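A.B. asks: Next up is a structure, given as structure tokens.
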Amino acid sequence: MSAIPAEESDQLLIRPLGAGQEVGRSCIILEFKGRKIMLDCGIHPGLEGMDALPYIDLIDPAEIDLLLISHFHLDHCGALPWFLQKTSFKGRTFMTHATKAIYRWLLSDYVKVSNISADDMLYTETDLEESMDKIETINFHEVKEVAGIKFWCYHAGHVLGAAMFMIEIAGVKLLYTGDFSRQEDRHLMAAEIPNIKPDILIIESTYGTHIHEKREEREARFCNTVHDIVNRGGRGLIPVFALGRAQELLLILDEYWQNHPELHDIPIYYASSLAKKCMAVYQTYVNAMNDKIRKQININNPFVFKHISNLKSMDHFDDIGPSVVMASPGMMQSGLSRELFESWCTDKRNGVIIAGYCVEGTLAKHIMSEPEEITTMSGQKLPLKMSVDYISFSAHTDYQQTSEFIRALKPPHVILVHGEQNEMARLKAALIREYEDNDEVHIEVHNPRNTEAVTLNFRGEKLAKVMGFLADKKPEQGQRVSGILVKRNFNYHILSPCDLSNYTDLAMSTVKQTQAIPYTGPFNLLCYQLQKLTGDVEELEIQEKPALKVFKNITVIQEPGMVVLEWLANPSNDMYADTVTTVILEVQSNPKIRKGAVQKVSKKLEMHVYSKRLEIMLQDIFGEDCVSVKDDSILSVTVDGKTANLNLETRTVECEEGSEDDESLREMVELAAQRLYEALTPVH
């Protein structure tokens, strides 16, 4: 049995190449109806070089039609320059405007601070620059279509420009949340709840079943911890990524310093080589933020800070006395945050505040277990004496937000991604418990590992829409509509041939068929035989040659020693032409047909000639006063008060009321009419 073509298959396949029971290198492959989509293309922050990539070797990049990037974090877009520049991928790539603006600078910083050799680097600054030309942008709620795949995006919260993508293929809808947050903060709106319910929801599970502390309590704890560190004469290190949570923390610290004059002499530094560029982007895209920021921008730009200075590198830093430094990267694998941590970790007055989610295998995750010593990038062992606090400002949903989001959408299938194995398992169990006794809502929860496929079946109805000329009149019950079925991507239309050029790129062409058939018999005999078959033969002259129109579409022209058939090719006309050809060949090859022709099929009898001569003939038989003409097609004969009416076209006789029993009158009139007809149309 042959395999079903991918385009006709009802199987939908979802396979994580990254972020399957892990956090990092998000990359989800979606396959349905012969279309392939990649959702995000990130790197693993705890790994280096090729090891940090998703399992791209399991796919053929040339087969991917569409690549959608949810936001600018490295674990969601860090492998994109490599994928666009170093593979056979030829599809189209989309992200929001803000994501594209920040992607450029964030990955530039990643290239510069990566602590690996040039040979192990996945891509260069040049690759990154060239990848920009291959990335297209999409506005929130703007519907686009690529290769029959419709998609649009919603605000996801999380970071500036973060998007959730709704994808529709052949009527099946899938929502990919990426990283999202349902809690509005100081500058970002909460993630939207789409008004369209998806069939499949691919959702992050970073925090599993944890419940976040309230925003006000978290901010107060953060500010108090920073205050305590500088009060004891220490230096506060807050490792963050250059963009994202950093801007939220800067807004909090700037406001806190403003309200505490005693802190005005203690500097706050935003230490990133991208500091100025990043802030310029944030100052540009305020319209993508929440209402509070949009209103405030009319008075002053909240991202122009009063108490925070930019620090490009350690060369510009006077490390004297207490200070607060926000430095990238967030997990301290390399860069400024790692340098400062190694410099300050041996002094118990100093403190580090981990303010975001930390991936396994990173220094930030390691120090949260409070080890007695750490290993520097040069391999030296140092005692860890500085205080370590974890206050999560990570803008991911907690269990309450996740479960409410699922409850609002009620998708039949939920696919969990972007979560550590145990957290994901706990979330899956909690969601199953929530819906196991609910008879109205049935939700299947899946948590695939990396490279493990989830296969779902969706049997969509095929509906064809009648358009154009065929749709001008409302059809009646039982009416047959005939047209051309046009399939474009996953839409079917029935069109009249004359509408093809209006609704498609197809050109309308006609093929005129001509066929010559040997024929030496009488042409009027052929006319007679075709008339017996069809009941409707029109006699014509074409270029002074006798011709017939049969079935209204087949023309038969007499030529010396043959007849020529002409018709416009289509399935019905071709069938009619085959029938006419069969009749011609039968008449030509069978002499009995000519001998057995009882009907005299000469030239077509002129009706008015026949009528006049029959009238004279009947007057000779019955008397001049007994015969009269009615309506040009009826001859009436009255004898001894009995009347017989002769139909000139059919040569049949009907007797009027009271004359039915006079069979002799009817027979005499009918016989006279038939004899005259045969005399006027002799057999050749």
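The backbone N, Cα and C atoms fix where each Cβ goes, and this holds for glycine too.
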A.B. asks: Considering the Zn(2+) 1 binding residues HIS71, HIS73, ASP179 given in Swiss-Prot, which of HIS158, HIS187 is annotated for that site as well?
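C.D. replies: Among HIS158, HIS187, only HIS158 appears alongside HIS71, HIS73, ASP179 as Zn(2+) 1-binding in Swiss-Prot.
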A.B. asks: Among LYS144, LYS462, LYS512, LYS630, which is annotated SUMO cross-link in Swiss-Prot?
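C.D. replies: Record lookup in Swiss-Prot returns SUMO cross-link for LYS462.
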A.B. asks: Among HIS413, HIS418, HIS442, find me the residue Swiss-Prot lists at the same Zn(2+) 2 site as ASP75, HIS76, ASP179.
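C.D. replies: Looking at HIS413, HIS418, HIS442, the one Swiss-Prot places in the Zn(2+) 2 site next to ASP75, HIS76, ASP179 is HIS418.
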A.B. asks: Would you mind telling me which one of LYS465, LYS552, LYS612 Swiss-Prot calls SUMO cross-link?
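C.D. replies: Record says LYS465.
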A.B. asks: Return the member of HIS158, ASP179, LYS465, LYS545, THR681 nearest to ASP75 (Zn(2+) 2 binding site) in space, with distance defined Cα to Cα and candidates limited to these recorded positions.
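C.D. replies: Among HIS158, ASP179, LYS465, LYS545, THR681, ASP179.
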A.B. asks: Validating a neighbour-count step here. Other CB atoms within 10 A of the CB of THR681 (phosphothreonine): how many?
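C.D. replies: Summing over all protein chains shown, THR681 (phosphothreonine) has 16 other Cβ atoms within 10 Å.
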A.B. asks: Which three-state DSSP class does LYS465 (SUMO cross-link) fall into?
C.D. replies: strand
A.B. asks: List the other residues in this chain whose Cβ sits within 8 Å of the Cβ centroid of the Zn(2+) 1 site residues HIS71, HIS73, HIS158, ASP179, in sequence order.
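C.D. replies: Once HIS71, HIS73, HIS158, ASP179 are set aside, the remaining close residues are SER70, PHE72, HIS76, ALA156, VAL159, ALA162, GLY178, PHE180, GLY244, ALA395.
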A.B. asks: Which one is it, among the recorded positions LYS462, LYS465, LYS545, THR681, that lies nearest to ASP179 (Zn(2+) 1 binding site) by Cα separation?
C.D. replies: LYS462
A.B. asks: Take the C-alpha atoms of HIS158 (Zn(2+) 1 binding site) and THR681 (phosphothreonine) and report the distance between them in angstrom, rounded.
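C.D. replies: Spelling it out, the Cα of HIS158 (Zn(2+) 1 binding site) and the Cα of THR681 (phosphothreonine) are 96 Å apart.
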A.B. asks: Measuring Cα to Cα, how far is HIS418 (Zn(2+) 2 binding site) from LYS545 (SUMO cross-link) in Å?
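C.D. replies: Their Cα atoms are separated by 83 Å.
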A.B. asks: Can you grab the distance from LYS462 (SUMO cross-link) over to HIS71 (Zn(2+) 1 binding site)? Cα atoms, rounded to a whole Å.
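C.D. replies: Here the two Cα atoms lie 35 Å apart.
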